[in-house]
Amino acid sequence: MLALYQPDIPQNCGTMLRLCACLGVEAAIIEPAGFPVSDRHFRRAGMDYLDQVALSRHVSFTAFRAWQIETGRRLVLLSTKASQPYTDFTFRPDDILLMGRESAGVPEAVHASADARVVIPLRPPMRSLNVAVAAAMVLGEALRQVGALAKVMDAPRASL
């Protein structure tokens, strides 16, 4: 699952949901988002793929965290403050990859509540990648590790 913490740029959110649709990954939006889901930029970035995403919405991080604990899934935060490279981390099929806000990441309390934290190594003085690019990189590695990419490749293709 790819979870988006209070996304504030509709184009990035739409792009990440499109990524989830294409790879068969569940998605969650942790409210409040910085835009309505009817936003034209959000819909345009997601194109007609948004209807193909298994999407859940949570009214707050507290509600999301309660759901996450109840389901027993591990919360893996992608953070520029983490020390473990995502390529050295062992992902599990039921992991939830949490992406922070484009403008501010996540608050310290959310950071501390994650079961694990991973980082994409960048050369100095670069600070971060676009959140949708970062999500694609780490989600791709997680799916590769758990063998889920092969399932995507074996799935029947939609007709044009």
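Keep in mind that glycine also has a Cβ here, set from the backbone N, Cα and C atoms.
According to Swiss-Prot, the feature S-adenosyl-L-methionine binding site maps to LEU78, GLY100, ILE120, SER128, an assignment based on sequence analysis. Taken residue by residue with DSSP, SER128 (S-adenosyl-L-methionine binding site) is part of neither helix nor strand, so it is coil.
For ILE120 (S-adenosyl-L-methionine binding site), the Cβ neighbour count at a 10 Å cut-off comes to 18, with all displayed protein chains included. Other than the site residues LEU78, GLY100, ILE120, SER128, same-chain residues with C-beta atoms no more than 8 angstroms from the centre of those residues' C-beta atoms, the S-adenosyl-L-methionine site, are SER79, THR80, MET99, GLY105, VAL119, LEU129, VAL131, ALA134.
Note: GLY100 (S-adenosyl-L-methionine binding site) has non-local neighbours TYR5, LEU77, LEU78, SER79, VAL106, VAL110, VAL131, i.e. same-chain residues 6+ apart with C-beta under 8 A of its own C-beta. Figure note: comparing Cβ neighbours within 10 Å for the binding-site residues LEU78, SER128, the maximum is reached by LEU78.
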